[in-house]
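For reference, the structure discussed in these notes is given below.
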Amino acid sequence: MKYIGAHVSAAGGLANAAIRAAEIDATAFALFTKNQRQWRAAPLTTQTIDEFKAACEKYHYTSAQILPHDSYLINLGHPVTEALEKSRDAFIDEMQRCEQLGLSLLNFHPGSHLMQISEEDCLARIAESINIALDKTHGVTAVIENTAGQGSNLGFKFEHLAAIIDGVEDKSRVGVCIDTCHAFAAGYDLRTSAECEKTFADFARIVGFKYLRGMHLNDAKSTFGSRVDRHHSLGEGNIGHDAFRWIMQDDRFDGIPLILETINPDIWAEEIAWLKAQQTEKAVA
């Protein structure tokens with residue numbers, strides 16, 4: 001079964017994220033559990049936790065259908081020790097918040113070398129950061145997101161993701177989230193079914209589908225291989241509809257959150273309905 005949704009706002013309380021997801025007929029959702037542009041947040045209250053869990057239960061969202069995202073400020077591969085420790089502390093806090101909320105996944109951007117250390121050293125720091133966080137938490141899987149490769153961001157090659165996973169001690173609590181826009185901008189073609197087959201054959205060989213724990217379904221304003229991260233609505237960008245139809249008709253993408261981060265929230269309900277309809281099309285065929 002496909003879990004399809006969007007990254008919804010948690011403004012006014014975390015429980016509102018589940019409510020907003022239900023309003024667009026989503027069967028999955030993503031959210032920030034705190035302000036994504038601040039280092040610190042007030043601890044979660046018992047009331048906030050209880051209300052969130054109650055809303056998820058009311059609208060039938062399990063932890064397998066929810067893909068929280070961490071703060072944009074965190075850089076788990078930071079070359080400067082003091083800044084690295086700050087990021088690690090913030091990441092542990094994000095993991096602990098998920099644990100308190102009964103959430104089993106935390107999606108994050110791997111990190112950046114800032115032109116100060118090698119890619120290899122940065123990837124090793126990211127893996128070490130994950131190990132530290134996993135050691136201090138329970139039941140939450142660290143889900144590494146591929147990047148478009150802007151600036152000095154790592155994670156734009158499947159080999160980067162594999163290298164990080166290789167350095168993580170508890171393989172049962174690490175996974176990846178593939179963002180279609182990021183992959184396309186990083187040079188993984190998705191414009192036809194044949195290109196999708198090739199790209200995900202590479203993914204299966206280098207990383208492995210057993211590590212795929214979520215996806216971000218975004219078309220791309222950015223051009224192929226541009227290393228520029230610019231999302232677009234489904235079918236309106238340079239990827240086109242075929243990739244998303246292909247994903248919806250492939251069983252390897254079942255049972256994980258498939259999350260829209262497309263640019264127009266007003267049409268998320270339509271995009272979700274369209275994605276669901278592609279499954280029906282397969283069943284009829």
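Each position is counted from 1, following the chain as shown.
Glycine is no exception: its Cβ is also placed from the backbone N, Cα and C atoms.
Summary of the site annotation: Swiss-Prot records Zn(2+) 1 binding at HIS109, GLU145. Screening the candidates HIS60, HIS69, HIS78 against this entry identifies HIS69 as the one listed for that site.
Site annotation (Swiss-Prot): Zn(2+) 3 is bound by ASP229, HIS231, and the candidate from HIS182, HIS241 recorded at this site is HIS182. According to DSSP, GLU145 (Zn(2+) 1 binding site) is assigned to a strand segment. Comparing the binding-site residues GLU145, ASP179, ASP229 by how many other C-beta atoms lie within 10 angstroms of each C-beta, the top residue is ASP179. HIS182 (Zn(2+) 3 binding site) carries a helical DSSP state (H, G or I). Other than GLU145, ASP179, HIS216, GLU261, the residues of this chain whose Cβ falls within 8 Å of the Cβ centroid of the Zn(2+) 2 site are, in sequence order, ASN107, ASN146, CYS177, ILE178, THR180, CYS181, HIS182, MET215, ASN218, ILE259. Proximity note: of the listed binding-site residues (HIS69, HIS109, GLU145), none has a CA within 10 Å of the CA of HIS231 (Zn(2+) 3 binding site). Each of ASP70, ASN107, PHE108, VAL143, ILE144, CYS177 belongs to the same chain as HIS69, HIS109, GLU145, is absent from that list, and has a C-beta within 8 angstroms of the C-beta centroid marking the Zn(2+) 1 site.
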